[in-house]
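K.L.:
Below are the structure tokens for one structure; questions will follow.
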């Protein structure tokens with residue numbers, strides 16, 4: 001009966017295709033981060049729905065409603081803390097997942113890679129919109145500074161900024177729009193994730209050696225589902241430790257102050273996972289140039305499949321690309337540090353050097 005349902009029922013067929021999925025035998029724990037991203041997405045959607053039930057998208061009540069959730073809603077402090085900190089876990093997983101893809105040349109699977117980069121861009125946008133919603137000092141000023149960057153677009157810039165703001169400054173209309181989009185985008189991410197998985201199942205998974213592994217495969221369940229379960233347990237231990245012991249560890253102290261348009265924070269900065277892109281933005285003296293560099297810091301991933309194909313499909317077999325990859329990781333971490341510092345010497349000069357190095361490394365990796 002069970003086998004009949006798995007073969008003939010549409011939902012059963014989908015489940016069966018996952019269970020019977022042929023995976024390369026030699027994939028490591030780094031291939032588990034895709035399933036961890038799915039877990040983080042489900043966690044974010046569920047906690048976000050509960051938070052949306054109590055949040056008020058109004059500039060006079062948003063900050064108080066966030067405090068009300070933490071103080072008076074049953075387990076509201078837990079739901080809010082899980083939502084805020086699992087966003088950090090989400091980005092740890094997504095950066096590791098992307099890094100693994102670059103290292104093992106997963107960009108050779110073009111359709112899967114393109115959808116994945118689009119997912120990264122929309123996830124970054126969604127996280128930024130969510131950062132604005134508590135309507136603290138850093139939320140307000142981050143919204144003002146980042147949206148104002150669009151004014152660098154020739155001819156249409158100012159009109160686009162006013163359209164996004166819903167007026168001539170960040171106001172109630174802006175907050176309402178950001179709230180609506182922040183609620184909508186996770187469902188768009190879910191749809192794109194399904195596309196990502198469909199393309200992945202069509203092309204088959206990559207492996208550490210970068211070789212054709214069609215003759216050396218194992219069923220996903222129970223072997224790799226058990227391996228993924230270990231990653232899930234470790235992720236929940238990490239998330240639980242932060243949520244229960246240091247819930248405000250990754251939250252900017254300025255955001256515990258209600259938004260005040262008349263007082264500018266000493267140093268405006270986004271969440272830690274945006275700091276590398278923010279450092280690249282600040283390193284270019286010209287406004288339009290900075291915006292283009294910011295966009296290209298992520299959009300350059302779209303061009304990886306079009307660059308020269310490496311002799312070997314995996315950086316583990318290519319000493320030059322292996323060194324270049326770890327230089328890229330180091331560069332990314334240094335940019336994250338620079339983004340958290342004020343725009344003054346020597347941080348400004350280091351940021352400019354690291355920005356040039358960041359884009360140069362991609363060029364080095366693209367050459368045979």
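Cβ atoms here come from the backbone N, Cα and C positions, even for glycine.
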K.L.:
Tell me which of 112-132, 133-153 corresponds to the transmembrane segment entry in Swiss-Prot.
P.N.:
112-132
K.L.:
Give the range, chosen from 261-281, 345-365, that Swiss-Prot lists as transmembrane segment.
P.N.:
345-365
K.L.:
Taking Cα atoms as reference points, which of the binding-site residues 83, 182, 201 is nearest to residue 97 (heme b b566 binding site)?
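P.N.:
Result: the closest of the binding-site residues to residue 97 (heme b b566 binding site) is 201.
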K.L.:
Going through 33-53, 112-132, 178-198, 288-308, 323-343 one by one, which has the most CB pairs that fall under 8 Å from the transmembrane segment (77-99)?
P.N.:
33-53
K.L.:
Counting other CB atoms within 10 A of each CB, which of the binding-site residues 83, 97, 182, 196, 201 comes out lowest?
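P.N.:
Taking 83, 97, 182, 196, 201 as the binding-site residues, the minimal 10 Å Cβ count falls on 201.
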